[in-house]
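Listed in TrEMBL for this protein:
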ACT_SITE  309  active site, proton acceptor
BINDING   384, 388, 389, 390, 391, 392, 393, 394, 395, 419, 421, 471, 522  CoA binding site
BINDING   417, 430  (R)-carnitine binding site
DOMAIN    6-575  domain 'Choline/carnitine acyltransferase'
């Protein structure tokens, strides 16, 4: 297990890096003014630095609680799209409802096996090279549930040591907007077999549609919190919320695909991804977005997961998915068996005066969903193997390609957030990797010359410079020497101690640097899986990618309403052409070297 506490970078180091990261976004006059503001910042922030160092001396991770509260629990908007990622699995072989239930049973059983590995400390420790990573996030994905509050939410965290027989022994099962308590263990605390689980699920098909309440968890927290408070104050709903809060996870069995008429020119894979992301209106009430894990089994051969982001990043979630998919690939087909276990349909009590609020909530959520667009792409020209053969970083190639694509489409540098893991440190979450570097912009300018003045050899060297700069920033970030988390810590310690905020935080350079038009993350998987999440700003893109050996799977998301600047489909084409241009440049250099030998 990792034994390191998150360091506090030196103030002058952060100031110097900040100047370098904002340089591509500023003209000469703006940059000179920013240098003066940064000089002032070094003086203004020194007392804050000392307070931050004291905090670091007394806490295992000086950032973790701040990060949980500020980034997640204080959020008063919607969870789907803005916070909860979705994950799309490779298409499965099931083609009817019976086979759908059999796949669900096998996947549920795989999750139980994975949970057992975590609880018994048998899960192999994650590593970055030889460095052991913090495993804390793995221990929180099962059983945890987010609870809405008026000003701040809270987490009901999973505790493997709780011996209460009513906790963590069941799943909350959603089918046709009904909610069921599905047992997962027998009286001897053994996992129910896939055949036993399938036999329980097999009784679902005749149930009529239930009351529409799941979409409430997709509404803004400021709307959901007071409704939740009223619903939980009714003793008739005790079983409902016990079933959800104390379940290991939620299982959503969908009996309908989302309606394609609402999504013009979208293929079946993209429609499936939208279903796992927000339910696509059709299935939004068959969800509970407050639960950390929602396993979603759709009727068309597609399955996936939606997860509440507060307690874990995509890496641990994808590790769970990879394990479960691998189990399902080799599992026997479940059969009907006699079982002494039975599921319970959970009653829902809704007071009359809340009915209109629930209808209004549905309208707001539907409008939210209409504003979201996504494109799923399988780029098949190259993947990790090509990068490895050329001794280059696939992540850096993709990020430089993304910068080239954004400049080609929008005519300016794209401020980029790439998620870098801080799991080398106790309770570490993420640091920002800023991919919009000076070196990347120099390469881009050479690629966009009208008269092609720069030689191919020079362009290749500029590409190598951009790749090296990205790798250097990535290495700094994952070792706790980034810019963004340090600046955030100084800001929060200032607010916490009622001290003046340095001028930098209200400066145009900082505001420009924090407007992430590209919100990106590499979530690698052994399978053809891809995660999706929303853009960070209204005029931006979400970009999640999974580099496989011979292809790159990626997702582009945008917001449609009141925004003519972004286009997910068009941007995906620019990304593909930019990656191909970089591939050709690398190949040309390799051929040139061969010809000289």
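Cβ coordinates come from backbone N, Cα and C, glycine included.
Shown on the structure are the features that TrEMBL records.
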{"residue": "309", "record": "active site, proton acceptor", "Cβ within 10 Å": "19"}
{"residue": "384", "record": "CoA binding site", "Cβ within 10 Å": "18"}
{"residue": "389", "record": "CoA binding site", "Cβ within 10 Å": "11"}
{"residue": "391", "record": "CoA binding site", "Cβ within 10 Å": "6"}
{"residue": "393", "record": "CoA binding site", "Cβ within 10 Å": "17"}
{"residue": "395", "record": "CoA binding site", "Cβ within 10 Å": "23"}
{"residue": "417", "record": "(R)-carnitine binding site", "Cβ within 10 Å": "22"}
{"residue": "421", "record": "CoA binding site", "Cβ within 10 Å": "24"}
{"residue": "430", "record": "(R)-carnitine binding site", "Cβ within 10 Å": "22"}
{"residue": "522", "record": "CoA binding site", "Cβ within 10 Å": "23"}
Spatially speaking, which of the binding-site residues 384, 393, 417 is closest to residue 309 (active site, proton acceptor)? Use C-alpha to C-alpha, please. 417
Please average pLDDT over the domain 'Choline/carnitine acyltransferase' (6-575) for the predicted structure. 95
Express the distance between the Cα positions of residue 393 (CoA binding site) and residue 430 ((R)-carnitine binding site) as a whole number of Å. 20
Within 10 Å of residue 430 ((R)-carnitine binding site) by C-alpha distance: pick out those among the binding-site residues 384, 391, 395, 421, and say none if nothing qualifies. 421
Cα-to-Cα gap, residue 384 (CoA binding site) vs residue 417 ((R)-carnitine binding site), nearest whole Å: 22
For the CoA site as recorded (384, 388, 389, 390, 391, 392, 393, 394, 395, 419, 421, 471, 522), determine the largest distance between any two Cα atoms, in Å, rounded to the nearest integer. 25
Would you identify the secondary structure of the residue listed as 'active site, proton acceptor' according to DSSP, in three states? helix
